[in-house]
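Here is the structure we will look at.
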Amino acid sequence: MTILSQWILAGALIGLATGVNAAGGDPEKGAQLAAQGDGTGAPCAACHGADGSGNNAAGFPRLAGLDSGYLAKQMLDYNAGKRINPVMQPNINNFDAQQIRDLAAYYAAMPVPQTSTPATVSEDVLALGEKLANQGDWGNYIPPCSSCHGPGNRGVGATFPAIAGQHPNYIRSQINAWKNNQRNNDPNKLMTAVAERLTDEQIDAVAAYLGSQSATAE
Ligand code: HEC
Ligand code: HEC
């Protein structure tokens, strides 16, 4: 079996096995919870924006249109201490699992805003990013991002989040968090294995490329 088919098989099996079932989330309740906050934290819109589009400069991810199962898993991971971030964590640690499903349903149902960030890097760097995203760097055992994150890197189910149209600063921070052992919540270390092989130059390039892409299939 080639390395690529092993990765894809692993991804498919994990997708079946660990996809968080976010069914049962109520987007209207989620909207109320998002506006109120969890009692001690700030309302979600203070950072993620009223339209869920996040903010590149501040490093706040886009949430609108991401898969509800993926969103719910991330919030549960923060609350379980499996994903650590002192800015995000205090905003949801008083919510229970049902409230988290409601919030996830609310953001998943939001129209995807046009968040693409025009790339400020050179054509050569952008081309390097595009190659990594869609063809990988097999000489260094790096599969294409799209082999897991799906066609156009627009996400597959609850396991593989959309990364096209996500903010470059956020993409960079997450890859570095995996590389530096600060984010450890990926199933079977699928993302860690990729992140630890990427050079700083490659991370900058792929983040700029993905950020410049449309989050929707047109
Ligand atoms: C003070 C700013 C702030 C507020 C308020 C806030 N967040 Fe966040 N949020 C962040 C930051 C920063 C991150 C990225 C943290 C990291 O690197 O893990 C994040 C990440 C997330 C993620 C993970 C996204 C992904 O793509 O993996 C989810 C889901 C999320 N926030 C939901 C919410 C919800 C729901 C609320 C309101 C109840 C909320 N956030 C309030 C700053 C905030
Ligand atoms: C072998 C499968 C696989 C490949 C290949 C892969 N990823 Fe991932 N990636 C994942 C999984 C699984 C997650 C979700 C982890 C979790 O549940 O927290 C993820 C999450 C991410 C996230 C976090 C998104 C968010 O909203 O927080 C970023 C950024 C990311 N990947 C970038 C990349 C880039 C860039 C590449 C290509 C260089 C890549 N990935 C290749 C499996 C993969």
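Note: Cβ is positioned from N, Cα and C throughout, glycine not excepted.
The signal peptide annotation in TrEMBL covers 1-22.
Within the model, the domain 'Cytochrome c' (25-214) shows a mean pLDDT value of 95, rounded to a whole number. Taken from TrEMBL, the feature domain 'Cytochrome c' covers 25-214.
Shown in sequence order, Ala34, Ala35, Gly37, Leu63, Asn91, Leu103 are the residues of the chain, 6+ apart in sequence, with a C-beta less than 8 angstroms from the C-beta of Cys44 (heme c 1 binding site). Sequence annotations record features per position, and here TrEMBL assigns heme c 1 binding site to Cys44, Cys47, His48, Met88.
What TrEMBL lists as heme c 2 binding site is Cys145, Cys148, His149, Met191. For the recorded site, Met191 (heme c 2 binding site), the DSSP three-state label reads helix. For Met191 (heme c 2 binding site), applying a Cβ distance below 8 Å and a minimum sequence separation of six or more within one chain yields Trp178.
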Other same-chain residues whose Cβ falls within 8 Å of the Cβ centroid of Cys145, Cys148, His149, Met191, the recorded heme c 2 site, in sequence order: Ser146, Ser147, Asn153, Phe160, Ile163, Leu190, Val194
Rounded to the nearest Å - Cα separation of His149 (heme c 2 binding site) and His48 (heme c 1 binding site): 22
Residues near His48 (heme c 1 binding site) in space but at least six apart in sequence (CB under 8 A): Gly54, Phe60, Pro61, Arg62, Leu63, Tyr107
Where the C-beta lies under 6 angstroms from ligand 2, the matching binding-site residues among Cys44, Cys145, Cys148, Met191: Cys145, Cys148, Met191
Distance from Cys47 (heme c 1 binding site) back to Cys145 (heme c 2 binding site), taken between C-alpha atoms, in Å: 27
Whole-number Å value of the largest CA-CA distance among Cys44, Cys47, His48, Met88, listed as heme c 1-binding: 10
